[in-house]
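S.K.: After the structure tokens below, expect a handful of questions from me.
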């Protein structure tokens, strides 16, 4: 029995030393420095969505979601001070999406009104 306990303790000691060395080697190989992390955060900030009525001229596919649908980048052409046509875009809700959401809100309001009436009757 003593031999079994001594060999178990010896095995655990050797195993813990080996795993500690492997972990140290892994951390040295995969170490992250500030220069490695900064570009990651810059990319994350660039991917944040563009809210409603904000300009999306340079990033037309990155408008936020509002309600049921994602906002669309809607563009218009204007003449600048020099008379050259320039395109300006802003995130907005298309009329079709706006009509659908308004209709659904009215429809939901009808059912909420019926539930309130049932509660007041009983």
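Keep in mind that glycine also has a Cβ here, set from the backbone N, Cα and C atoms.
These came from Swiss-Prot, pasted as-is:
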SIGNAL    1-20  signal peptide
DISULFID  49-64  disulfide bond
DISULFID  56-73  disulfide bond
DISULFID  63-91  disulfide bond
DISULFID  75-89  disulfide bond
REGION    99-112  region 'Predicted alpha-helix'
MOD_RES   108  arginine amide
MOD_RES   121  lysine amide
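Help me picture where these features are in the structure shown.
M.R.: Its Cβ placed at the centre, residue 64 (disulfide bond) has 13 other Cβ atoms within 10 Å. Residue 64 (disulfide bond) carries neither a helix nor a strand DSSP state and counts as coil.
Using a 10 Å Cβ-Cβ cutoff, residue 73 (disulfide bond) registers 17 neighbours.
The Cβ of residue 63 (disulfide bond) lies under 8 Å from the Cβ of 49, 50, 52, 56, 70, 71, 72, 73, 91, each of which sits 6+ residues away along the same chain.
Residue 89 (disulfide bond) carries a strand DSSP state (E or B).
Counting same-chain residues at least six beyond the ends of the region 'Predicted alpha-helix' (99-112), those with a Cβ under 8 angstroms from any Cβ of the stretch are 67-69, 93.
Around residue 108 (arginine amide), taking its Cβ as the centre, 10 other Cβ atoms fall within 10 Å, counting all chains.
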S.K.: I'd like to know which of these disulfide-bonded residues, 56, 75, 89, 91, is least surrounded, judged by other CB atoms within 10 A.
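M.R.: Per-residue Cβ counts within 10 Å for the disulfide-bonded residues 56, 75, 89, 91 bottom out at 75.
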S.K.: Would you count the other C-beta atoms found within 10 angstroms of the C-beta of residue 49 (disulfide bond) for me?
M.R.: 15
